[in-house]
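Read through the structure below, which is laid out as C-alpha cells, and then see the notes.
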Protein chains: 4
Amino acid sequence: MCGIVGVFCNDVDLTPHITYYALFSLQHRGQESAGMAVSGVGVNLYKDMGLVSEVFSNKILSMLKGNSSIGHVRYSTTGQSRIENAQPLAVKSRYGSIAVAHNGNLVNYRELRKELEIDGKVFHTDSDTEVIVYLLSSYLLDNDLETALSMLTKKLMGSFTLTLLLNDMVVGYRDPMGFKPLCVGEGEFGYIIASESCAIDSVGAELIRDVRPGEAVIIEDGDLRFEKIAGSDKKCVCVFEYIYFARPDSVIDGRNVYRVRYNIGRTLAKESPAEVDLVSPVPDSGTTSSIGYAHESGKPYLEALIKNRYVGRTFIIPGQENRELSVKLKMNVLRDNVNGKRVLLIDDSIVRGTTSRKIVELVRKAGAKEIHFRVGSPPIVSPCYFGIDMSTREELIASEKSVEDIRRDIMADSLAYLSLEGLLDSVGIRREDLCLACLTSRYPVPVECAMKC
Amino acid sequence: MCGIVGVFCNDVDLTPHITYYALFSLQHRGQESAGMAVSGVGVNLYKDMGLVSEVFSNKILSMLKGNSSIGHVRYSTTGQSRIENAQPLAVKSRYGSIAVAHNGNLVNYRELRKELEIDGKVFHTDSDTEVIVYLLSSYLLDNDLETALSMLTKKLMGSFTLTLLLNDMVVGYRDPMGFKPLCVGEGEFGYIIASESCAIDSVGAELIRDVRPGEAVIIEDGDLRFEKIAGSDKKCVCVFEYIYFARPDSVIDGRNVYRVRYNIGRTLAKESPAEVDLVSPVPDSGTTSSIGYAHESGKPYLEALIKNRYVGRTFIIPGQENRELSVKLKMNVLRDNVNGKRVLLIDDSIVRGTTSRKIVELVRKAGAKEIHFRVGSPPIVSPCYFGIDMSTREELIASEKSVEDIRRDIMADSLAYLSLEGLLDSVGIRREDLCLACLTSRYPVPVECAMKC
Amino acid sequence: MCGIVGVFCNDVDLTPHITYYALFSLQHRGQESAGMAVSGVGVNLYKDMGLVSEVFSNKILSMLKGNSSIGHVRYSTTGQSRIENAQPLAVKSRYGSIAVAHNGNLVNYRELRKELEIDGKVFHTDSDTEVIVYLLSSYLLDNDLETALSMLTKKLMGSFTLTLLLNDMVVGYRDPMGFKPLCVGEGEFGYIIASESCAIDSVGAELIRDVRPGEAVIIEDGDLRFEKIAGSDKKCVCVFEYIYFARPDSVIDGRNVYRVRYNIGRTLAKESPAEVDLVSPVPDSGTTSSIGYAHESGKPYLEALIKNRYVGRTFIIPGQENRELSVKLKMNVLRDNVNGKRVLLIDDSIVRGTTSRKIVELVRKAGAKEIHFRVGSPPIVSPCYFGIDMSTREELIASEKSVEDIRRDIMADSLAYLSLEGLLDSVGIRREDLCLACLTSRYPVPVECAMKC
Amino acid sequence: MCGIVGVFCNDVDLTPHITYYALFSLQHRGQESAGMAVSGVGVNLYKDMGLVSEVFSNKILSMLKGNSSIGHVRYSTTGQSRIENAQPLAVKSRYGSIAVAHNGNLVNYRELRKELEIDGKVFHTDSDTEVIVYLLSSYLLDNDLETALSMLTKKLMGSFTLTLLLNDMVVGYRDPMGFKPLCVGEGEFGYIIASESCAIDSVGAELIRDVRPGEAVIIEDGDLRFEKIAGSDKKCVCVFEYIYFARPDSVIDGRNVYRVRYNIGRTLAKESPAEVDLVSPVPDSGTTSSIGYAHESGKPYLEALIKNRYVGRTFIIPGQENRELSVKLKMNVLRDNVNGKRVLLIDDSIVRGTTSRKIVELVRKAGAKEIHFRVGSPPIVSPCYFGIDMSTREELIASEKSVEDIRRDIMADSLAYLSLEGLLDSVGIRREDLCLACLTSRYPVPVECAMKC
Ligand SMILES: Nc1ncnc2c1ncn2[C@@H]1O[C@H](COP(=O)(O)OP(=O)(O)O)[C@@H](O)[C@H]1O
Ligand SMILES: Nc1ncnc2c1ncn2[C@@H]1O[C@H](COP(=O)(O)OP(=O)(O)O)[C@@H](O)[C@H]1O
Ligand SMILES: Nc1ncnc2c1ncn2[C@@H]1O[C@H](COP(=O)(O)OP(=O)(O)O)[C@@H](O)[C@H]1O
Ligand SMILES: Nc1ncnc2c1ncn2[C@@H]1O[C@H](COP(=O)(O)OP(=O)(O)O)[C@@H](O)[C@H]1O
Ligand code: SF4
Ligand code: SF4
Ligand code: SF4
Ligand code: SF4
Ligand SMILES: [Mg+2]
Ligand SMILES: [Mg+2]
Ligand SMILES: [Mg+2]
Ligand SMILES: [Mg+2]
C-alpha cells in the first residue's frame, strides 16, 4: 500500500512543492520512504527513508526544477526496509528517461522476473516495480504509449496503479480491475494525478474525476487527455480503501469515504443493536462509523479512549520487555466516561485480535459494566495479494475462529461484525465491481502462485 | 508550559523507562526539549532538543541507572530555542546534587536575578529555573528541606510547580497558589509524581491524589510523605488547563478534564443555541465540547474537518511563500458533510483569530449555508504571566475587539463565547480557587513588573 | 581513480573486517564513497558517501557475514557526487548475483551504452561500471567465466581493473593494457586481491604477485588460480601511479613506489642541480623525491613547509571570500629554515600551477634568498582518459606554456622538470610497457571520441 | 592540553572567521571539542563536540558577529568526554558577561572548589575552569581587572593560561610560572592572542611577542597593552611543548620549535651514535629530530615507516578483537628501505612503550638487521599535573624500569634517551626557567594533593 502522485505545473519552481504537498497529504498511505522524480533539464530523482517532511527540505526541493514530476510514499510491506526499494524507480534507455511510481502488487511477479531473467535482463532491486519498468521500457521502444500500456496490461497480473514520468510526459494509469484508486485534479498551476482526492484538495485544485479502471490519463505539452487502454469484464475496486485505508476526506470512485464509514456505522446499528449507555470509537479508525452508529441507534456518542498522538511510525518503546508497563502508552481510558456503564466499542476491522483484546481489558478495568464490540467490516478470512498487507505480518484471527470464539478471545460481552450485504449497502458500489477477496476468499485473479513471502 | 515528572522505583534499571513513559505521556505539554536526571552512582543528566522519542534511545536509557529521577519536557515560550534552556537543571554544591524541573513562570524573575547578581551570583543560563536552583541551593545549606521550601516560597512570585532530585531524594512541590497541576501515583514499581494523571495511568500506576497548593510530596528512602509547606489565602488553579492544555484523559484537582470540556459544550448549547444541521469540532481541541454541545442541543455531531495527523511540531511547509497552496495542508473539509448545511463549529478558544477565519473560509467554500462559531471559553483579553504562552507570540484579538467585530473578522454568521459563569459551572471549582486572569484581567499577583518579553 | 578489493576468508565473521581494513589502506585512492558486497546467505551490499571509517560501523560490518566479498573506494572525478554512483554495483540475473568494483575509465563508454540502449537495455546509473555489468552479465549467461571475460575484453576500450563477486566466487581482472594496478596476497585467513600491496600488508598477508595485464585471478571454493584471459601487444602501466597516486609503501608490478620516487629525486639532482642551502619537499607528495635529491646532491634535506594535517577531504574554509587570510591555513613556512637561504623545493608534478605559485610566494615572504623549483615528472601536457582525473577540474598549465613561462608564472628563480628519460630510468620499466600519454600526448588507444565531460 | 585564542577585529563579520582559522591551526592541541564566544550585541557562545571544521559551519559563523572573541579547542584528558566540559565557559553576573578559555590544570582545584562550596557556590560542571570563572567573577565585582587577576593568581596553584572575554574586552593571561605558552600578534584586521605562533601566521598576522609569565595582554576599545600582574621567583615553561606538543612551525618564548627538535636530533647523534645504514623517524613526531640526527651523524635520512594519514581522532578500528590483523593499519614498513639494513629509529618520547615495541617488531619482520632506538627526550618518570595528560591514561614505562629493561621490552638492539643536559642545550632555555618535572620528579609546586582522578 503506497501513495502515488503525478504533477504538471506551469511554474518550474512550483512543481516540486506541489508534489511535496500532495505526498504529504498521502502520508497515511506510506511512512517508510518518500521520493519524487522531476523532469526539467533531464530527470532528477530524490528519495530517502523517512516521512515526507523528513526526506525533503526546502533546499532539496529548490534543486528539483521542472514542469513535470511524479512522487511516491512507500509502506513497508515486508521486513525489507531498504533504500533500494524506495520509489520512484528511474532509468534511462533508448526511449529516454522513464520513472515509475507504483501502488499495488503483481501476483505473477516471480514468473515475470524469471522470464525477464531468461531473456537476459539484469535486476538491481527486489521490487516488482523493476519488472514493470523493464517491460514498459521494452514496449515503449517500438510502440506508442497506448500500445505499450496495453501490452503491459496483458502481461501483468495483480494490481498496478501507476504514475509515470516518460521524459517530460506525465501519465497516470490504473489497471483494468482498478484495485487501487487514482484520480485527477486541475488547479491554477496545472494538473495533478493522485491516489486520493485529499491530495488534490491539499494543493487547492479541483477534482476532475477518477481515472477509470483500464484507463490512462496523459499530460503532454500541458494538455491532459484520458485514454481507454484496456477493458475488463469485471471491476475490482478494493473495498478496504473505504473501510480502513483511505483518508476519510477523500472521495474514491465517486463514493465519499466518510459517508461510507458513517453508513457502515448506521448499518451496524441496524444489524447489531445493543442496550448500551454510550457508543465509542477505537480511535482513530473507528471514529466515523461510531458516529454513524450513535446517530442511528440514538445512543450517545462519547469517547472511551484517548490515543496518544505522538505514537508514530518510528515510535519504539524503549524497554519493550516491560510490556506490562508499556501497554497504556498508546491509549488511555476515559474512566469517568465508562465507569459503571455499558459501552459499545467500534473499530473498523479486526486483524489479529491482539489490540482489540487489550482495549477491552483496559475499558473493563476502568469499570465498564458491559463491553459490546462492533466491527465495521465482515471478518477478514483471507490474505490480500493486491497490495494491502494484512497477512504477512500476522495471522488473521477470523481465518480460523468463529465469531463466538473471537468474542471469547477478546473478552467482550458481545461481538458483531458487519454483514457483507451491509457493507455493500454502505459502500454503494455493485458487488461485481468490488474486490472482496479478503472477506470472501474468492480472488478475482488466480493467486496460487502468488504466495509472496 | 512544560511537563514535569518525578519517579522513585525499586528497580534501578526500570527507573529511566518509567520516567520515559511518563514524559512521553506529557509530550503535549512541551515538544521542544526533553530531559531527565537520574540518581544512581551520582546524578546523571541527559537532555537534548526534540521529542521524548527522539532524545532518548534504549542505549541512553540503559546508561541512566538509579532509583530516583526527575524529568522534564519543555515548551518553547520564546524564540530562545536553545539547549542551554533545556531542563532539568542540575548542579552540585556543598549540599550535594540538586536537579530541578520547573513548570511555571516567575513574575519577579528579573528582580530576583538582580538581587542574586548583587550578591555575587553568576548565571549560566537565561532561565528563571536557575534563580530557583540558586535560592534553593543556598537555603538547603543551613535548613532542612521543609524550611528551605518555605523560604523559597516567600521569595518567589508567580507560578512554580517543581520536581526536585536532591541527592537521591525525590520531591514534588506546588506553589501555594497552585497555578500548575501536580499529582502523585503509586504502582508496583514505586511512586510517581507528574504534571497530569495521564502520566500515572501510562505507567500502570494508580493516582493517590493531587499535590495541594503549598504542599510538598517527599520520597525518601522509599517512603512517601506529604508536607504542608506554605498556606495561602487564595488558590489560583489555571482554568486553561481544563479549557485547552491538559490531556482530556487527565484528572486535575479532582476534576475530570474530559468532563469539564463536555460540560462546556453543554453549557454553550444552553447559552448560545443555534438553528443548525450539525455540530462540528475544530479538531482536536474542539472535539470534546462539540460532543457536549451536540448532546445538549439534540443536533447531530458530525465532523466537518479532518486534520492531517502528520502536521507536527517540526513541520515546516517548504515554500511557505506559496501560502495560497499551503493553507489546506493542515485541515481539509468534509465537503459532503457541510455542503448546503447550517454548520455549528466549536473551538476551545480564539487567540489571534487567524486560524478561525481560515477555517470558516474553508467550510464556506465547501458549500456551507450558514456557519455558527462557538467558543469554549470567554474571550481571552489579557496575557498570561504564569507560564501559558498566549501573549508573546501574537496579539489577542479579543483584547481590542468586540465579539461582533471578531465575528465579522472571522466571517462567521454568528459567534458566541462561553460566559464566565458558564465556565465556572462547567469546571465545578469555586471562582476564588481559580486563576481567570487572562479572561478577566484581574491578576492574582502584581505583574506590572513582569512584562517578560 | 578508485581503490578496489576482493577477499576470500575462511571465517565468515572476519570477511567484512578484512575488507574494511584493506579499503581503509586504500583510502588515499578515493575519499568520496565506500562500499562492499559480501556473499553469505545471498549477496549483501552496503555503500554510502564518505570515508571508509564513516561509512562502516562495527554494527554494519557484523551484519555482512560471508566468505567472499569485494569492496570499493571512489574518487569523485566529476561533480556527480551521488550515492547512485557509489560502488560496488550489484545486480541479479539468470546467472545469479553479480557485483562489480571498477577502477578505470572506458573511453568507448558512450558508444557501448548507445549500443546497449539500442539493444533495449535500461540504465539505472550514469557510470561506465553499469555497462561493464550488463555486458558481463550477458556473456556469463552462455559462457564460462574465462570466455565471458575474454568477450568483455574485446568489447571494452580504455582502462578497467575489476574485482567481481559472482555468486560466491571472487575474481580480480586487469585489462590487457594493465593501466591500473592489481595484486594478490595470501594470509592465514585466506586470500586478498587489492589495488595496491599496502592493503595486503595492512591485513597481515603476504604479496603473492601482481595480476598481469590481461590476466584474471579466480578464487573459487577456497582455491585460487590465475588465468590468462587476453594477450596484448603492448602493456600500458600508468606511470602516474609511481609519480603521485600510489602510497609510497606499495609495490606495483614489481617496482617499489618509494624507491621510484627516491630515484626520481636522485635523477633530478643529476639532471638539474642547483647551488642551494637546503632541499625541501612540498609536503606530502614531494617528500620522497626530496630525500633522493638531497642524498644525490649532498645538500641537506630540511623542511621548509608544514602542512596542517587536519586539512581533509571535507575541509571547507568558512569565509573563503577572505582569501587573503585563508591562504596560510593549509601550509605554513618554517621561517627559520628558509630565511636568508637558497631553497630548493620539490613537488611531484604541476597541474594548474596555482598551488606552486602560492607556495613560492610564501617561502619568498619568509625571507628565502633564492627559490629553485624542481618537479618529479615531465610536464603534464595532455589530459588522462584512463581514470586519473587531472584534466577535468582544471587546465594543465604545461599544455600551453613553456617551462620558462611557467617559471615566471610561479615566480621561482629556476624551474626544472624531470626528463622523460630520467623518469623511465627512475621507474625501471620499459618505455613500451608504460602509459605516458599525459606526458607525451601519444595515447595508447584512440580517444578522440572519449572527451568525457 | 588545549588551545586557546583571543581576537579583536575591526570588522564585526570577520571576527568569527579569524577565530576559526586560528583554532583550526591549533587543532593539534585538542580534537575533542571546539568553541568560541563572540561579543557583539551581547555575548554569543557556540561550542560542540568534534573538530573545528565539524563544529563550525559558515552559517554558524555568520551568526556570531562582534569585534571581540575568544576560542578554545579541548583535548580530552579524562574519560569525561562531555559537552558540559567544552569551553569557553560563559556566564553573566553583576559585572556583566564573562567568558573564559583555559589551558592548564589547577593542582589545588579540589580545595578551591570545596572552599567555594562552603561559601555557598553552586557548580554546573566538573571542570576547574568553573572555579576560575567563579573566583574571577567575584574579584571583578569590587576590583579593577589588574587587581582581580592578581588576586586570582594568588589563589590558583598549577598552570593556567587564559583568554578572557569580559564584556567586549579581550584579555590574555599567563600564570606567573608560565607553564603553557601564549603569544600576541597584530594584523591588518586587528589583534590576535593564541597558544602558538602558528595561529598568528595562519591569519596573516605578525607575531608581536610572547606574553610573559605573570603578564596580561589587554585589548580594550581597540587598544592593546601589556600589564605585569604577578612576579615569580621562577619561570617554569613546559619543556614538552618543545619536545612533542607544539607544532614544529611555532615559535615559543623566542625558541623555534623546529630548531629545538632539530637540535635534539643533533645532540642525540653526538650523545648516542650508532653504526647504522639509515636514520628513520617514527612519524610524525620523530621526523624533525631524525633529520637533525642524520645531519649530525652523516648517516642518510630515509623513511622506514609510512603512517596512514586517515588514522584520526575518531578512528575506531572495527573488530578490534582481531588485534593481529589491525596492528598494521596505522603504520606500514617500507620493507625495501630496511631489509638487510641497520636501522636507527627516533621518536620524540616513550610513554607506555607499547607502540614502540610494535614498531620495532614491524621493522624487524621486514628484515632489518639491527634496530637502534633513540628517544628525543630523557625518560618520562613522573606524571604531569599541569595539563599534559601523559599519566592518567597509561603507566609510564620509565617510572619503574631501567633503560636496559625498556630496551629488552621493546626488543631493540640498542636504546638511548637524550640526556637532560642535552635537552637543555637543545632547547636553549635556562634550566631554572623550565618545567622538567615529568623528567626529574621535582615539581615546581606542591602536588601531593593533586592526584586528580
Ligand atoms: N488525517 C487523518 N485524519 C483522520 N483519520 C485519518 C487520517 N489519516 C488517516 N486516517 C484514518 O486513520 C485510520 C488509521 O488510524 P488508527 O486507527 O489510529 O491507526 P491503526 O492503523 O493503528 O489502527 C484509518 O482509518 C485512516 O482512514
Ligand atoms: N493525546 C491526545 N488526544 C487527544 N487530545 C489531545 C491529546 N493530547 C493533547 N490533546 C488535546 O489537543 C488539543 C490541542 O490540539 P489541537 O487543537 O489539534 O492543536 P492546536 O494546539 O494547534 O489547537 C488540546 O486541547 C489538548 O487537550
Ligand atoms: N599514508 C600516506 N603516507 C604518506 N604519503 C601518502 C599516504 N597516502 C598517500 N600518500 C601520498 O600523498 C601524496 C598526496 O598528498 P599531498 O601532496 O599532501 O596532497 P595533494 O594531493 O593535495 O598534493 C601522494 O603522493 C601519495 O602517494
Ligand atoms: N601540522 C603538523 N605537521 C607536522 N607535525 C605536526 C603537525 N601538527 C602536529 N604535529 C606534530 O605531530 C606530532 C604528533 O604526531 P604523531 O607522532 O603522528 O602522533 P602521536 O601523538 O600518535 O605520536 C607532534 O610532535 C606535533 O608536534
Ligand atoms: S483482498 Fe481485500 S484488501 Fe486486498 S484488494 Fe481485495 S478487498 Fe482490498
Ligand atoms: S492567566 Fe489564564 S492561562 Fe495564565 S494561569 Fe491564569 S488562567 Fe491560566
Ligand atoms: S595518461 Fe597519464 S595518468 Fe592517465 S593512465 Fe596514462 S600515464 Fe597514467
Ligand atoms: S611536568 Fe612535564 S609535561 Fe608537565 S608541564 Fe612540566 S615539563 Fe611539561
Ligand atoms: Mg485503528
Ligand atoms: Mg486547536
Ligand atoms: Mg601534493
Ligand atoms: Mg608520535
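In case you wondered, yes, glycine gets a Cβ from its N, Cα and C as well.
Because TrEMBL annotations are produced automatically, they should be read as predictions rather than curated entries.
Annotated Mg(2+) binding in TrEMBL involves B:Asp347, B:Asp348 plus, out of the candidates B:Ser280, B:Ser285, B:Ser414, the residue B:Ser285. [4Fe-4S] cluster is bound by B:Cys238, B:Cys435, B:Cys438 in TrEMBL, and the record lists one more residue there from B:Cys183, B:Cys384, which is B:Cys384. For B:Cys384 ([4Fe-4S] cluster binding site), the nearest of the recorded positions by C-alpha distance turns out to be B:Cys2; the candidates were B:Cys2, B:Ser285, B:Asp347, B:Asp348. Checked against ligand 2, the recorded positions B:Cys2, B:Cys238, B:Ser285, B:Asp347, B:Cys384, B:Cys435 give B:Ser285 in sequence order as having a Cβ less than 6 Å away from one of its atoms. Of all the binding-site residues listed here (B:Cys238, B:Cys384, B:Cys438), the one with the fewest other CB atoms within 10 A of its own CB is B:Cys384.
Looking at B:Cys238 ([4Fe-4S] cluster binding site) and B:Ser285 (Mg(2+) binding site), their Cα atoms lie 17 Å from each other. Checking the binding-site residues B:Cys238, B:Ser285, B:Asp347, B:Cys438 against chain D with a Cβ-Cβ cut-off under 8 Å leaves nothing. Following the DSSP three-state reduction, the secondary structure of B:Ser285 (Mg(2+) binding site) is coil. What surrounds the Mg(2+) site, by Cβ distance within 8 Å of the Cβ centroid and not counting B:Ser285, B:Asp347, B:Asp348, is the set B:Tyr244, B:Pro281, B:Val282, B:Gly286, B:Ser289, B:Ile346, B:Ser349, B:Val375, B:Gly376 from the same chain. In the three-state DSSP assignment, the secondary structure recorded for B:Cys438 ([4Fe-4S] cluster binding site) is helix.
The secondary structure of B:Asp348 (Mg(2+) binding site), as reduced to three states from DSSP, is coil rather than helix or strand.
Proximity of the recorded positions B:Cys2, B:Asp347, B:Asp348, B:Cys435, B:Cys438 to ligand 6, judged by a Cβ distance under 6 angstroms to any of its atoms, singles out B:Cys435, B:Cys438 in sequence order. Residue density at B:Ser285 (Mg(2+) binding site): 18 other Cβ atoms are found within 10 A of its Cβ, drawing on all protein chains shown.
With respect to B:Asp347 (Mg(2+) binding site), the closest of these recorded positions in Cα terms is B:Cys438, chosen from B:Cys2, B:Cys435, B:Cys438. The Cβ neighbour count for B:Cys435 ([4Fe-4S] cluster binding site), using a 10 Å radius over every protein chain in view, is 27.
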